[in-house]
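Pulled from Swiss-Prot:
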- Arg191, Gly192, Gly193, Arg194, Thr311, Asn335, Ser524, Arg585: CoA binding site (BINDING)
- Gly387, Glu388, Pro389, Asp411, Thr412, Trp413, Trp414, Gln415, Thr416, Asp501, Arg516, Arg527: ATP binding site (BINDING)
- Val538, His540, Ile543: Mg(2+) binding site (BINDING)
- Lys610: N6-acetyllysine (MOD_RES)
Amino acid sequence: MSEAHIYPVKENIKAHTHADNDTYLAMYQQSVTDPEGFWSEHGKIVDWIKPFTKVKQTSFDTGHVDIRWFEDGTLNVSANCIDRHLAERGDDVAIIWEGDNPADDKTLTYNELYTEVCRFSNALKEQGVRKGDVVCLYMPMVPEAAVAMLACTRIGAVHTIVFGGFSPEALAGRIIDSDAKVVITADEGVRGGRAVPLKKNVDEALTNPEVKTISKVVVFKRTGGNIDWHEHRDVWWHEATAKVSDVCPPEEMKAEDPLFILYTSGSTGKPKGVLHTTGGYLVYATMTFKYVFDYQPGETFWCTADVGWITGHTYLVYGPLANGAKTILFEGVPNYPNTSRMSEVVDKHQVNILYTAPTAIRALMAKGNEAIEGTDRSSLRIMGSVGEPINPEAWEWYYKTIGNEKSPIVDTWWQTETGGILITPLPGATALKPGSATRPFFGVQPALVDNMGNVIEDQAAEGNLVILDSWPGQMRTVYGDHERFEQTYFSTFKGMYFTGDGARRDEDGYYWITGRVDDVLNVSGHRMGTAEIESALVAHPKIAEAAIVGIPHDIKGQAIYAYVTLNAGEYPTAELHKEVKDWVRKEIGPIATPDVLHWTDALPKTRSGKIMRRILRKIATGDTSNLGDTSTLADPSVVDKLIAEKAELV
């Protein structure tokens, strides 16, 4: 790939930052040489009921994986996100809700949020929810979703959120695995102008004979649409909260008490419930939010993620509110009712920090200047990217077009399992290279290992990305299956947390995530990350999106199969076919030239925007008899279209 352009730290950011480069280097050094001392000091970023005296008790040893932080301290998450701000900023806005329809919006101040959360906490208690019980949320993006999360944390219940786009089968599987006692949902959700039948899906999920633990379903009225009602089970949110007190003292929780379970979609098999606990998670969420986004008091923060994903948990709800920020909760999608919706929301609410995903950026980029029509986005100070590696071309477009070349981009790498951001630039400290997640956050010790598990000491290197020691936000276990936790994350490379990603490190020590290790191709003995070839393809001016998979090849071992979506107004031709192959040859080298170009209008994506490569691999190899679970796809019809197109390829 061509050498990346370097963007130095902006002077205006450096002048008011929490950490310039010297501060970052000093803090990072302390965090890895003296983690006890570092986290003993920075653990105080949250309020403790009983202060901790133990800081870090962690082991990655085979058969003894055990992760505990701040173990003897006690605290309450909702008190940290709400109560501690009331004296100073009770009348400040906590949550701005922007509806799917641009005419719908409302705000909640910290005082109002306190009242709502206390009321709903008491309502949950009335429905029989006790400390330690699991509550399942299957909610639209309305303020009540955040209220329900915070109410669970207030009374010591464990929430498990299932994204509102998941099917009844997927919902039932998560309810069964988590032993949830109550479901909180809405009559319907609204997204992109369409109603989502949430209550209907819950009703269907609860007909599964293996669902045995649910006693109540609390229903928030979002649309007033027609729904079935089960008299002894279903309860309206507004009725449940009308007759209870608006005072609810926060439950004193131990640092290692479970806070939430969040299921990651394993491509096959039983859902994997990632368990996060109270103290370490909140410290890490609060700390990363403050430093990564260089948050300054009074700023407005917009994370476009759904609360059903880890990004929504950590950087829409807990991180911003623990810091006393204004956080935007957006019900819609970035391109509805028009392509410039995201930019319009930025202007309307004077957003200072925008955190979104490469898939949204690329979708807008394909529409060119339509994405910013009639807006100036002058309020933006910091922009972020999350969810997958961002290719340099999309990075540059985001920086120049959305950000007017004045907002640094924090390209953040992390996972559901990590609780918070692990590798990232800091706005006032890090010179930026488009496409690189740059350097580790405080306390995070990344390393590259070869396939035998040997740490690669060279500065410039490529290998499997591992983390050598624990950090406070790390998941503690797979719910109900600690053996699976050890097996999945600690057995491949002994004594290390294996991320499942490959990465390269450049001569400046910057990390470049190359994609999942199972997305590594081996062509004639050459290892190549699919992300690198995809980046080269997307850099072509006519290409909107690309996905690469490997298919078996008699001579090369693997051949390169490229799915390519063109920009609006472009059409596949024989000339373009040759041009694209020549382009990749020029960008990376002959070894990376795609063997097959499969033109298509759309790629199969989950509702969080991730491309389902597992399905693409099967279609490319002609193995379409068992495509596995397609219930998490945003548009399942894409699959049949791809299979038909594949049949027509010579």
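Please read every residue number as a count from 1 along the shown chain.
Cβ atoms are placed via backbone N, Cα and C, with glycine included.
Features as recorded by Swiss-Prot, highlighted on the structure.
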residue	record	Cβ within 10 Å
Gly192	CoA binding site	13
Gly193	CoA binding site	11
Thr311	CoA binding site	26
Asn335	CoA binding site	17
Gly387	ATP binding site	19
Thr412	ATP binding site	25
Arg516	ATP binding site	16
Val538	Mg(2+) binding site	21
Arg585	CoA binding site	15
Lys610	N6-acetyllysine	17
Other same-chain residues whose Cβ falls within 8 Å of the Cβ centroid of Val538, His540, Ile543, the recorded Mg(2+) site, in sequence order: Glu393, Ala536, Leu537, Ala539, Pro541, Lys542, Ala544, Glu545, Ala546, Val564, Val580, Trp583
CB contacts for Arg194 (CoA binding site) [other CB atoms within 10 A, all chains]: 10
Pairwise Cα distance for Thr416 (ATP binding site)/Ile543 (Mg(2+) binding site) [Å, integer]: 30
For Gly192 (CoA binding site), the one of Gly387, Trp414, Val538 that lies nearest, given that the binding-site residues are compared by Cα: Gly387
Residue pair Arg585 (CoA binding site), His540 (Mg(2+) binding site) - Cα distance, angstrom, rounded: 12
Candidate binding-site residues Trp414, Arg516, Val538, pick with smallest Cα gap to Lys610 (N6-acetyllysine): Arg516
Entry from the binding-site residues list Thr416, Ser524 having the most other CB atoms no farther than 10 A: Thr416
Cα distance (Å, whole number) from Gly387 (ATP binding site) to Thr311 (CoA binding site): 8
Three-class DSSP secondary structure - Val538 (Mg(2+) binding site): helix
Candidate with sparsest Cβ neighbourhood (10 Å radius) among Trp414, His540, Ile543, the listed binding-site residues: His540
Structural state of Ile543 (Mg(2+) binding site), classified by DSSP into three states: strand
Three-state secondary structure, which DSSP defines for Thr412 (ATP binding site): coil
Among Arg191, Pro389, which are binding-site residues, the residue with the most C-beta atoms within 10 angstroms of its C-beta: Pro389
Between Arg191 (CoA binding site) and Trp414 (ATP binding site): CA-CA distance (Å): 27
Cα separation, Gly387 (ATP binding site) to Gly193 (CoA binding site) (Å, whole number): 25
